[in-house]
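Residues annotated as compositional bias 'Polar residues' in TrEMBL: 71-92. According to TrEMBL, the feature region 'Disordered' maps to 71-94, 507-531. Residues or ranges marked as domain 'PDEase' by TrEMBL: 191-513. Per TrEMBL, AMP binding site is recorded for 267, 268, 269, 270, 271, 308, 418, 469. TrEMBL lists 267 with the feature active site, proton donor. Here TrEMBL flags 271, 307, 308, 418 as Zn(2+) 1 binding site. Residues or ranges marked as Zn(2+) 2 binding site by TrEMBL: 308.
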(Lines of atoms letter the chains of each structure in order from A and count residues from 1; the text may use other names and numbers.)
(Lines give C-alpha, C1' and ligand atoms only; values in the text may rest on other atoms or scores of the structure.)
Protein backbone atom coordinates (compact mmCIF):
# COMPACT_ATOMS: atom_id res chain seq x y z
CA UNK A 1 0.00 0.00 0.00
CA UNK A 2 1.22 3.50 -0.79
CA UNK A 3 0.37 6.92 0.55
CA UNK A 4 -0.85 8.55 -2.64
CA UNK A 5 -4.40 9.82 -2.58
CA UNK A 6 -6.63 11.98 -4.71
CA UNK A 7 -6.84 15.70 -3.97
CA UNK A 8 -10.14 16.76 -2.39
CA UNK A 9 -11.54 20.30 -1.83
CA UNK A 10 -11.90 21.93 1.55
CA UNK A 11 -14.98 20.70 3.44
CA UNK A 12 -17.41 23.16 5.09
CA UNK A 13 -19.57 22.05 8.02
CA UNK A 14 -22.38 24.20 9.48
CA UNK A 15 -22.99 24.15 13.24
CA UNK A 16 -25.75 25.15 15.66
CA UNK A 17 -24.16 26.23 18.96
CA UNK A 18 -26.88 27.09 21.46
CA UNK A 19 -28.95 28.67 18.66
CA UNK A 20 -26.02 30.51 17.17
CA UNK A 21 -25.07 29.54 13.60
CA UNK A 22 -21.36 28.91 12.96
CA UNK A 23 -19.36 27.19 10.28
CA UNK A 24 -15.95 25.52 10.18
CA UNK A 25 -13.74 24.64 7.22
CA UNK A 26 -11.08 21.94 7.06
CA UNK A 27 -9.25 19.75 4.56
CA UNK A 28 -9.12 15.95 4.38
CA UNK A 29 -5.63 16.11 5.89
CA UNK A 30 -7.02 17.31 9.23
CA UNK A 31 -7.22 14.70 11.97
CA UNK A 32 -10.17 14.05 14.26
CA UNK A 33 -8.45 16.01 17.03
CA UNK A 34 -7.97 19.04 14.77
CA UNK A 35 -11.69 19.05 13.89
CA UNK A 36 -12.55 18.67 17.59
CA UNK A 37 -10.39 21.70 18.41
CA UNK A 38 -12.02 23.78 15.65
CA UNK A 39 -15.49 23.06 17.00
CA UNK A 40 -14.36 23.69 20.60
CA UNK A 41 -12.97 27.07 19.54
CA UNK A 42 -16.19 27.94 17.72
CA UNK A 43 -18.22 26.91 20.78
CA UNK A 44 -16.00 28.92 23.13
CA UNK A 45 -15.10 25.91 25.29
CA UNK A 46 -11.85 24.25 26.30
CA UNK A 47 -10.15 21.96 23.79
CA UNK A 48 -10.40 19.26 26.48
CA UNK A 49 -14.20 19.49 26.56
CA UNK A 50 -16.29 16.56 25.34
CA UNK A 51 -17.84 17.53 22.00
CA UNK A 52 -20.65 15.67 20.23
CA UNK A 53 -22.60 16.44 17.06
CA UNK A 54 -26.12 15.38 16.11
CA UNK A 55 -27.81 15.74 12.75
CA UNK A 56 -31.38 16.91 12.20
CA UNK A 57 -32.62 13.34 12.74
CA UNK A 58 -30.94 13.13 16.15
CA UNK A 59 -28.22 10.71 14.99
CA UNK A 60 -24.70 11.21 16.29
CA UNK A 61 -22.15 12.35 13.70
CA UNK A 62 -18.54 11.17 13.95
CA UNK A 63 -15.85 13.87 14.23
CA UNK A 64 -13.53 12.86 11.41
CA UNK A 65 -12.58 14.13 7.93
CA UNK A 66 -15.12 11.77 6.29
CA UNK A 67 -18.11 13.22 8.20
CA UNK A 68 -21.03 13.97 5.83
CA UNK A 69 -21.31 17.56 4.69
CA UNK A 70 -24.48 19.47 5.56
CA UNK A 71 -26.14 22.75 4.64
CA UNK A 72 -26.74 26.03 6.43
CA UNK A 73 -30.40 25.10 6.78
CA UNK A 74 -29.56 21.76 8.44
CA UNK A 75 -26.63 22.45 10.79
CA UNK A 76 -25.26 19.88 13.21
CA UNK A 77 -26.32 20.50 16.82
CA UNK A 78 -23.24 20.94 19.04
CA UNK A 79 -23.24 19.65 22.60
CA UNK A 80 -20.22 20.27 24.83
CA UNK A 81 -19.26 19.27 28.33
CA UNK A 82 -16.19 20.47 30.17
CA UNK A 83 -14.12 17.71 31.87
CA UNK A 84 -14.63 17.15 35.58
CA UNK A 85 -11.78 18.48 37.76
CA UNK A 86 -11.66 15.18 39.66
CA UNK A 87 -11.15 11.67 38.30
CA UNK A 88 -11.67 8.19 39.70
CA UNK A 89 -8.27 6.77 40.58
CA UNK A 90 -9.54 3.28 39.76
CA UNK A 91 -10.18 4.23 36.15
CA UNK A 92 -6.96 3.13 34.42
CA UNK A 93 -7.28 4.94 31.10
CA UNK A 94 -8.67 8.10 32.73
CA UNK A 95 -5.79 8.10 35.17
CA UNK A 96 -3.22 7.80 32.37
CA UNK A 97 -4.85 10.67 30.50
CA UNK A 98 -4.95 12.78 33.67
CA UNK A 99 -1.23 12.12 34.19
CA UNK A 100 -0.57 13.28 30.64
CA UNK A 101 -2.46 16.51 31.26
CA UNK A 102 -0.63 17.05 34.57
CA UNK A 103 2.73 16.61 32.87
CA UNK A 104 1.64 19.02 30.14
CA UNK A 105 0.71 21.62 32.77
CA UNK A 106 4.04 21.09 34.54
CA UNK A 107 6.01 21.50 31.32
CA UNK A 108 4.00 24.63 30.51
CA UNK A 109 4.97 26.19 33.83
CA UNK A 110 8.63 25.25 33.36
CA UNK A 111 8.81 26.66 29.86
CA UNK A 112 6.95 29.81 30.82
CA UNK A 113 8.94 30.56 33.96
CA UNK A 114 12.40 29.70 32.65
CA UNK A 115 12.28 30.87 29.08
CA UNK A 116 9.31 33.21 29.03
CA UNK A 117 7.98 31.53 25.90
CA UNK A 118 5.60 28.60 25.57
CA UNK A 119 6.95 26.17 22.98
CA UNK A 120 3.70 25.24 21.28
CA UNK A 121 5.10 22.93 18.64
CA UNK A 122 7.21 20.94 21.12
CA UNK A 123 4.23 20.50 23.42
CA UNK A 124 2.00 19.52 20.54
CA UNK A 125 4.44 16.82 19.44
CA UNK A 126 4.84 15.53 22.99
CA UNK A 127 1.06 15.29 23.51
CA UNK A 128 0.59 13.50 20.19
CA UNK A 129 3.32 10.97 21.08
CA UNK A 130 1.85 10.24 24.51
CA UNK A 131 -1.71 9.89 23.20
CA UNK A 132 -0.50 7.61 20.41
CA UNK A 133 1.17 5.37 23.02
CA UNK A 134 -2.07 5.30 25.00
CA UNK A 135 -4.09 4.37 21.92
CA UNK A 136 -1.67 1.53 21.10
CA UNK A 137 -1.97 0.23 24.64
CA UNK A 138 -5.79 0.25 24.46
CA UNK A 139 -5.72 -1.45 21.06
CA UNK A 140 -3.44 -4.23 22.32
CA UNK A 141 -5.65 -4.79 25.35
CA UNK A 142 -8.69 -5.02 23.08
CA UNK A 143 -6.99 -7.56 20.82
CA UNK A 144 -6.10 -9.70 23.84
CA UNK A 145 -9.76 -9.76 24.84
CA UNK A 146 -10.72 -10.88 21.33
CA UNK A 147 -8.22 -13.76 21.40
CA UNK A 148 -9.42 -14.90 24.82
CA UNK A 149 -13.03 -15.01 23.61
CA UNK A 150 -12.02 -16.96 20.52
CA UNK A 151 -10.19 -19.51 22.67
CA UNK A 152 -13.26 -19.90 24.88
CA UNK A 153 -15.46 -20.55 21.87
CA UNK A 154 -12.99 -23.02 20.38
CA UNK A 155 -12.87 -24.95 23.66
CA UNK A 156 -16.67 -25.02 23.76
CA UNK A 157 -16.81 -26.32 20.18
CA UNK A 158 -14.27 -29.05 20.91
CA UNK A 159 -16.22 -30.20 23.95
CA UNK A 160 -19.41 -30.49 21.90
CA UNK A 161 -17.63 -32.28 19.06
CA UNK A 162 -16.29 -34.86 21.54
CA UNK A 163 -19.78 -35.35 22.94
CA UNK A 164 -21.32 -35.64 19.46
CA UNK A 165 -18.73 -38.20 18.39
CA UNK A 166 -19.84 -40.48 21.22
CA UNK A 167 -23.55 -40.31 20.27
CA UNK A 168 -25.35 -41.68 17.23
CA UNK A 169 -28.74 -40.08 17.89
CA UNK A 170 -30.27 -36.66 18.47
CA UNK A 171 -30.84 -35.82 22.12
CA UNK A 172 -33.42 -33.02 22.10
CA UNK A 173 -32.28 -32.04 25.58
CA UNK A 174 -28.88 -31.22 24.14
CA UNK A 175 -28.96 -30.43 20.45
CA UNK A 176 -25.68 -30.57 18.55
CA UNK A 177 -23.87 -27.26 18.91
CA UNK A 178 -22.98 -26.91 15.24
CA UNK A 179 -23.81 -23.24 15.54
CA UNK A 180 -23.19 -20.59 18.12
CA UNK A 181 -26.17 -19.67 20.28
CA UNK A 182 -27.80 -16.27 20.61
CA UNK A 183 -25.96 -15.61 23.86
CA UNK A 184 -22.64 -16.01 22.07
CA UNK A 185 -23.65 -13.53 19.33
CA UNK A 186 -24.84 -11.01 21.92
CA UNK A 187 -21.61 -11.44 23.84
CA UNK A 188 -19.55 -10.56 20.79
CA UNK A 189 -21.62 -7.52 19.92
CA UNK A 190 -21.55 -6.18 23.47
CA UNK A 191 -17.75 -6.04 23.57
CA UNK A 192 -17.68 -2.32 22.79
CA UNK A 193 -14.04 -1.97 23.79
CA UNK A 194 -13.04 -3.97 20.69
CA UNK A 195 -15.62 -2.67 18.24
CA UNK A 196 -13.92 0.57 17.27
CA UNK A 197 -10.24 -0.29 17.19
CA UNK A 198 -8.62 -1.07 13.90
CA UNK A 199 -6.09 1.02 12.13
CA UNK A 200 -7.19 3.08 9.15
CA UNK A 201 -4.96 2.65 6.12
CA UNK A 202 -4.26 5.16 3.38
CA UNK A 203 -4.76 3.49 0.00
CA UNK A 204 -2.58 4.38 -2.95
CA UNK A 205 -4.26 5.21 -6.24
CA UNK A 206 -2.75 2.03 -7.66
CA UNK A 207 -4.43 -0.07 -4.96
CA UNK A 208 -7.75 1.74 -5.45
CA UNK A 209 -7.75 0.89 -9.16
CA UNK A 210 -6.44 -2.66 -8.62
CA UNK A 211 -9.27 -3.31 -6.16
CA UNK A 212 -11.75 -2.99 -9.04
CA UNK A 213 -10.16 -5.85 -11.01
CA UNK A 214 -11.16 -9.55 -10.98
CA UNK A 215 -7.43 -10.34 -10.86
CA UNK A 216 -7.04 -8.72 -7.41
CA UNK A 217 -4.72 -10.81 -5.19
CA UNK A 218 -6.57 -11.32 -1.91
CA UNK A 219 -3.68 -13.17 -0.20
CA UNK A 220 -1.52 -10.07 0.32
CA UNK A 221 -3.76 -8.39 2.89
CA UNK A 222 -3.97 -8.70 6.66
CA UNK A 223 -7.39 -8.81 8.39
CA UNK A 224 -7.31 -5.13 9.39
CA UNK A 225 -6.31 -4.15 5.86
CA UNK A 226 -9.24 -6.14 4.46
CA UNK A 227 -11.56 -4.25 6.82
CA UNK A 228 -10.22 -0.93 5.50
CA UNK A 229 -10.65 -2.12 1.92
CA UNK A 230 -14.27 -3.09 2.62
CA UNK A 231 -14.83 0.37 4.09
CA UNK A 232 -13.38 1.95 0.95
CA UNK A 233 -15.71 -0.09 -1.30
CA UNK A 234 -18.82 1.07 0.59
CA UNK A 235 -17.67 4.70 0.51
CA UNK A 236 -16.59 4.64 -3.14
CA UNK A 237 -19.89 3.12 -4.34
CA UNK A 238 -21.79 5.87 -2.51
CA UNK A 239 -23.47 3.40 -0.13
CA UNK A 240 -22.47 5.35 2.99
CA UNK A 241 -24.22 8.43 1.61
CA UNK A 242 -27.16 6.45 0.19
CA UNK A 243 -28.04 4.83 3.53
CA UNK A 244 -26.72 7.72 5.67
CA UNK A 245 -24.37 5.31 7.47
CA UNK A 246 -22.40 6.62 10.44
CA UNK A 247 -18.73 5.81 9.60
CA UNK A 248 -18.15 4.47 13.14
CA UNK A 249 -21.19 2.20 12.80
CA UNK A 250 -19.77 0.91 9.50
CA UNK A 251 -16.49 0.01 11.24
CA UNK A 252 -18.34 -1.76 14.03
CA UNK A 253 -20.47 -3.67 11.55
CA UNK A 254 -17.43 -4.97 9.67
CA UNK A 255 -15.64 -5.87 12.91
CA UNK A 256 -18.67 -7.77 14.18
CA UNK A 257 -18.99 -9.58 10.84
CA UNK A 258 -15.31 -10.54 11.02
CA UNK A 259 -15.79 -11.88 14.55
CA UNK A 260 -18.66 -14.08 13.37
CA UNK A 261 -16.67 -15.88 10.69
CA UNK A 262 -15.03 -19.02 12.05
CA UNK A 263 -11.44 -20.04 11.41
CA UNK A 264 -12.29 -22.68 8.78
CA UNK A 265 -9.81 -23.67 6.04
CA UNK A 266 -12.11 -22.24 3.33
CA UNK A 267 -15.32 -20.66 4.68
CA UNK A 268 -13.63 -17.89 6.65
CA UNK A 269 -13.42 -14.09 6.67
CA UNK A 270 -10.92 -14.03 3.79
CA UNK A 271 -13.46 -15.91 1.65
CA UNK A 272 -16.05 -13.28 2.65
CA UNK A 273 -13.66 -10.53 1.53
CA UNK A 274 -12.83 -12.43 -1.67
CA UNK A 275 -16.50 -12.74 -2.68
CA UNK A 276 -17.25 -9.11 -1.80
CA UNK A 277 -14.25 -7.84 -3.76
CA UNK A 278 -15.31 -9.87 -6.82
CA UNK A 279 -18.80 -8.34 -6.60
CA UNK A 280 -17.19 -4.88 -6.34
CA UNK A 281 -15.11 -5.74 -9.42
CA UNK A 282 -18.16 -6.91 -11.38
CA UNK A 283 -20.06 -3.75 -10.46
CA UNK A 284 -17.27 -1.69 -12.05
CA UNK A 285 -16.60 -4.09 -14.91
CA UNK A 286 -20.27 -4.23 -15.99
CA UNK A 287 -21.17 -0.65 -14.96
CA UNK A 288 -24.02 -2.04 -12.89
CA UNK A 289 -24.84 1.42 -11.53
CA UNK A 290 -26.30 2.16 -14.98
CA UNK A 291 -28.96 -0.57 -14.64
CA UNK A 292 -29.38 -0.78 -10.86
CA UNK A 293 -30.08 1.66 -8.05
CA UNK A 294 -27.62 2.33 -5.24
CA UNK A 295 -30.04 0.44 -3.00
CA UNK A 296 -29.61 -2.61 -5.23
CA UNK A 297 -25.81 -2.25 -5.09
CA UNK A 298 -25.96 -1.97 -1.31
CA UNK A 299 -28.00 -5.16 -1.10
CA UNK A 300 -25.52 -6.98 -3.36
CA UNK A 301 -22.47 -5.85 -1.37
CA UNK A 302 -23.98 -6.46 2.07
CA UNK A 303 -25.23 -9.92 1.05
CA UNK A 304 -21.69 -10.80 -0.08
CA UNK A 305 -20.23 -9.62 3.23
CA UNK A 306 -22.73 -11.73 5.21
CA UNK A 307 -23.26 -14.72 2.90
CA UNK A 308 -21.30 -17.32 4.94
CA UNK A 309 -21.53 -15.91 8.49
CA UNK A 310 -20.77 -18.47 11.21
CA UNK A 311 -20.23 -21.28 8.68
CA UNK A 312 -19.30 -24.37 10.74
CA UNK A 313 -17.07 -25.91 8.04
CA UNK A 314 -19.51 -28.76 7.26
CA UNK A 315 -21.95 -28.44 4.36
CA UNK A 316 -25.73 -28.83 4.20
CA UNK A 317 -25.51 -32.53 3.39
CA UNK A 318 -23.66 -33.16 6.65
CA UNK A 319 -26.08 -30.98 8.62
CA UNK A 320 -29.05 -32.97 7.31
CA UNK A 321 -27.47 -36.44 7.63
CA UNK A 322 -26.11 -35.73 11.12
CA UNK A 323 -29.42 -34.14 12.19
CA UNK A 324 -27.70 -31.11 13.62
CA UNK A 325 -29.43 -28.26 15.39
CA UNK A 326 -29.40 -26.23 12.18
CA UNK A 327 -31.03 -28.97 10.13
CA UNK A 328 -33.73 -29.44 12.76
CA UNK A 329 -34.32 -25.72 13.15
CA UNK A 330 -34.73 -25.13 9.41
CA UNK A 331 -36.41 -28.44 8.51
CA UNK A 332 -33.54 -29.56 6.25
CA UNK A 333 -34.20 -26.62 3.88
CA UNK A 334 -30.92 -24.76 3.16
CA UNK A 335 -29.97 -24.92 6.87
CA UNK A 336 -26.62 -23.14 6.45
CA UNK A 337 -27.90 -20.34 4.23
CA UNK A 338 -30.85 -19.73 6.56
CA UNK A 339 -28.41 -19.57 9.46
CA UNK A 340 -26.14 -17.09 7.65
CA UNK A 341 -29.18 -14.82 7.17
CA UNK A 342 -30.19 -15.15 10.81
CA UNK A 343 -26.73 -14.22 12.07
CA UNK A 344 -26.55 -11.27 9.65
CA UNK A 345 -29.76 -9.74 10.95
CA UNK A 346 -28.83 -10.59 14.53
CA UNK A 347 -25.80 -8.36 14.02
CA UNK A 348 -27.91 -5.64 12.38
CA UNK A 349 -30.37 -5.78 15.29
CA UNK A 350 -27.63 -4.27 17.46
CA UNK A 351 -27.84 -0.43 17.20
CA UNK A 352 -24.04 -0.25 17.49
CA UNK A 353 -23.70 -2.24 14.24
CA UNK A 354 -26.85 -1.38 12.30
CA UNK A 355 -25.66 0.25 9.09
CA UNK A 356 -29.30 0.61 7.99
CA UNK A 357 -30.46 2.41 11.13
CA UNK A 358 -31.16 5.65 9.26
CA UNK A 359 -33.39 4.28 6.49
CA UNK A 360 -37.19 4.27 6.73
CA UNK A 361 -39.19 1.12 7.49
CA UNK A 362 -40.21 0.41 3.91
CA UNK A 363 -36.64 0.73 2.67
CA UNK A 364 -35.35 -1.58 5.41
CA UNK A 365 -38.06 -4.10 4.55
CA UNK A 366 -36.85 -4.15 0.92
CA UNK A 367 -33.20 -4.40 2.02
CA UNK A 368 -33.91 -7.29 4.39
CA UNK A 369 -35.90 -9.17 1.74
CA UNK A 370 -33.16 -8.58 -0.85
CA UNK A 371 -30.26 -9.70 1.34
CA UNK A 372 -32.17 -12.80 2.46
CA UNK A 373 -33.05 -13.70 -1.14
CA UNK A 374 -29.41 -13.40 -2.27
CA UNK A 375 -27.87 -15.37 0.61
CA UNK A 376 -30.42 -18.19 0.15
CA UNK A 377 -29.52 -18.24 -3.57
CA UNK A 378 -25.95 -19.32 -2.71
CA UNK A 379 -27.20 -22.83 -1.85
CA UNK A 380 -25.79 -24.89 -4.76
CA UNK A 381 -28.80 -27.21 -4.49
CA UNK A 382 -30.75 -24.40 -6.20
CA UNK A 383 -28.17 -23.83 -8.97
CA UNK A 384 -30.13 -25.46 -11.81
CA UNK A 385 -33.41 -23.79 -10.84
CA UNK A 386 -31.87 -20.29 -10.71
CA UNK A 387 -29.88 -20.65 -13.94
CA UNK A 388 -32.88 -22.01 -15.88
CA UNK A 389 -34.94 -19.05 -14.66
CA UNK A 390 -32.21 -16.60 -15.67
CA UNK A 391 -31.91 -18.08 -19.18
CA UNK A 392 -35.64 -17.59 -19.69
CA UNK A 393 -35.31 -13.94 -18.60
CA UNK A 394 -32.71 -13.36 -21.33
CA UNK A 395 -35.19 -14.21 -24.12
CA UNK A 396 -36.08 -12.35 -26.22
CA UNK A 397 -34.53 -9.41 -24.33
CA UNK A 398 -33.68 -8.87 -20.67
CA UNK A 399 -36.00 -6.36 -18.99
CA UNK A 400 -34.14 -4.34 -16.36
CA UNK A 401 -37.36 -2.64 -15.31
CA UNK A 402 -38.97 -5.94 -14.35
CA UNK A 403 -38.40 -6.62 -10.62
CA UNK A 404 -38.45 -10.41 -11.01
CA UNK A 405 -35.86 -10.24 -13.81
CA UNK A 406 -33.62 -7.92 -11.81
CA UNK A 407 -33.89 -10.13 -8.70
CA UNK A 408 -32.87 -13.17 -10.78
CA UNK A 409 -29.88 -11.26 -12.18
CA UNK A 410 -28.77 -10.32 -8.66
CA UNK A 411 -29.03 -13.96 -7.56
CA UNK A 412 -26.88 -15.06 -10.49
CA UNK A 413 -24.32 -12.33 -9.75
CA UNK A 414 -23.82 -13.40 -6.13
CA UNK A 415 -23.57 -17.02 -7.27
CA UNK A 416 -20.85 -16.03 -9.75
CA UNK A 417 -18.91 -14.19 -7.06
CA UNK A 418 -19.32 -16.96 -4.48
CA UNK A 419 -17.58 -19.55 -6.67
CA UNK A 420 -15.35 -17.24 -8.72
CA UNK A 421 -11.91 -18.27 -7.45
CA UNK A 422 -10.85 -19.86 -10.76
CA UNK A 423 -11.48 -16.53 -12.52
CA UNK A 424 -8.42 -15.17 -10.74
CA UNK A 425 -4.81 -15.88 -11.78
CA UNK A 426 -3.44 -19.34 -10.96
CA UNK A 427 -1.22 -18.12 -8.11
CA UNK A 428 -4.32 -16.64 -6.45
CA UNK A 429 -6.86 -19.37 -7.23
CA UNK A 430 -4.87 -22.57 -6.61
CA UNK A 431 -4.35 -22.04 -2.84
CA UNK A 432 -8.14 -21.78 -2.54
CA UNK A 433 -8.47 -25.29 -4.02
CA UNK A 434 -6.13 -26.61 -1.32
CA UNK A 435 -8.20 -24.84 1.35
CA UNK A 436 -11.47 -26.24 0.00
CA UNK A 437 -10.11 -29.78 -0.24
CA UNK A 438 -8.84 -29.56 3.33
CA UNK A 439 -12.33 -28.58 4.50
CA UNK A 440 -13.88 -31.36 2.39
CA UNK A 441 -11.47 -33.93 3.79
CA UNK A 442 -12.20 -32.82 7.35
CA UNK A 443 -15.89 -33.40 6.68
CA UNK A 444 -15.46 -36.77 5.00
CA UNK A 445 -13.19 -37.99 7.82
CA UNK A 446 -15.86 -37.03 10.32
CA UNK A 447 -18.60 -38.64 8.24
CA UNK A 448 -16.65 -41.90 8.13
CA UNK A 449 -16.13 -41.74 11.90
CA UNK A 450 -19.84 -41.16 12.49
CA UNK A 451 -21.02 -43.73 9.96
CA UNK A 452 -22.61 -41.15 7.64
CA UNK A 453 -22.65 -41.19 3.80
CA UNK A 454 -19.52 -39.76 2.19
CA UNK A 455 -19.60 -37.85 -1.11
CA UNK A 456 -16.91 -39.13 -3.54
CA UNK A 457 -15.73 -35.58 -4.35
CA UNK A 458 -14.92 -35.10 -0.65
CA UNK A 459 -13.17 -38.40 -0.02
CA UNK A 460 -9.42 -37.97 0.37
CA UNK A 461 -8.97 -41.54 -0.94
CA UNK A 462 -10.79 -40.84 -4.21
CA UNK A 463 -10.33 -37.20 -5.21
CA UNK A 464 -7.35 -35.21 -6.50
CA UNK A 465 -7.00 -31.53 -7.22
CA UNK A 466 -7.44 -31.93 -11.02
CA UNK A 467 -10.44 -34.26 -10.76
CA UNK A 468 -12.05 -31.95 -8.22
CA UNK A 469 -11.76 -28.90 -10.48
CA UNK A 470 -12.15 -30.09 -14.09
CA UNK A 471 -15.80 -31.11 -13.86
CA UNK A 472 -16.74 -28.10 -11.72
CA UNK A 473 -15.14 -25.63 -14.13
CA UNK A 474 -16.43 -27.39 -17.24
CA UNK A 475 -20.05 -28.02 -16.21
CA UNK A 476 -20.78 -25.30 -13.62
CA UNK A 477 -18.50 -22.28 -13.90
CA UNK A 478 -18.02 -21.85 -17.65
CA UNK A 479 -21.72 -22.33 -18.57
CA UNK A 480 -22.79 -19.91 -15.83
CA UNK A 481 -20.33 -17.15 -16.75
CA UNK A 482 -21.01 -17.63 -20.48
CA UNK A 483 -24.70 -17.08 -19.79
CA UNK A 484 -23.98 -13.85 -17.88
CA UNK A 485 -21.68 -12.77 -20.73
CA UNK A 486 -24.73 -12.69 -23.02
CA UNK A 487 -25.93 -9.76 -20.94
CA UNK A 488 -22.48 -8.23 -20.28
CA UNK A 489 -20.13 -9.19 -23.18
CA UNK A 490 -17.09 -7.71 -21.40
CA UNK A 491 -17.19 -10.75 -19.07
CA UNK A 492 -16.17 -13.11 -21.88
CA UNK A 493 -12.58 -11.87 -22.15
CA UNK A 494 -12.04 -10.94 -18.50
CA UNK A 495 -13.73 -13.89 -16.74
CA UNK A 496 -14.76 -16.69 -19.12
CA UNK A 497 -11.40 -16.88 -20.88
CA UNK A 498 -9.46 -17.32 -17.58
CA UNK A 499 -11.87 -20.16 -16.73
CA UNK A 500 -11.07 -21.91 -20.02
CA UNK A 501 -7.36 -21.51 -19.30
CA UNK A 502 -7.84 -22.97 -15.80
CA UNK A 503 -9.78 -25.93 -17.24
CA UNK A 504 -6.99 -26.69 -19.72
CA UNK A 505 -4.36 -26.37 -17.00
CA UNK A 506 -6.09 -28.90 -14.74
CA UNK A 507 -6.62 -31.30 -17.67
CA UNK A 508 -2.88 -31.15 -18.39
CA UNK A 509 -2.19 -31.71 -14.71
CA UNK A 510 -4.48 -34.74 -14.67
CA UNK A 511 -2.81 -36.20 -17.75
CA UNK A 512 0.67 -35.77 -16.25
CA UNK A 513 -0.42 -37.32 -12.97
CA UNK A 514 -1.87 -40.35 -14.76
CA UNK A 515 1.39 -41.09 -16.62
CA UNK A 516 3.64 -43.58 -14.76
CA UNK A 517 7.03 -42.09 -13.86
CA UNK A 518 10.03 -43.46 -15.78
CA UNK A 519 11.87 -46.12 -13.71
CA UNK A 520 15.07 -44.87 -12.13
CA UNK A 521 18.34 -46.80 -12.12
CA UNK A 522 17.94 -47.61 -8.42
CA UNK A 523 14.50 -49.07 -9.10
CA UNK A 524 15.88 -51.22 -11.94
CA UNK A 525 18.64 -52.65 -9.77
CA UNK A 526 16.20 -53.39 -6.98
CA UNK A 527 13.92 -55.26 -9.40
CA UNK A 528 16.76 -57.48 -10.62
CA UNK A 529 17.83 -58.27 -7.06
CA UNK A 530 14.29 -59.17 -6.03
CA UNK A 531 13.96 -61.56 -8.97
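One-based numbering along the chain as shown.
Each Cβ is built from the backbone N, Cα and C atoms, and glycine gets one as well.
Automatic prediction, not curation, is the source of TrEMBL annotations.
What TrEMBL annotates, mapped onto the structure for a quick look.
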residue	record	Cβ neighbours (10 Å)
267	AMP binding site	25
268	AMP binding site	19
269	AMP binding site	22
270	AMP binding site	17
271	AMP binding site	22
307	Zn(2+) 1 binding site	27
308	AMP binding site	26
418	AMP binding site	22
469	AMP binding site	26
Hey, how far is residue 307 (Zn(2+) 1 binding site) from residue 418 (AMP binding site), Cα to Cα, in Å?
9
Where does the mean pLDDT land for the domain 'PDEase' (191-513)?
95
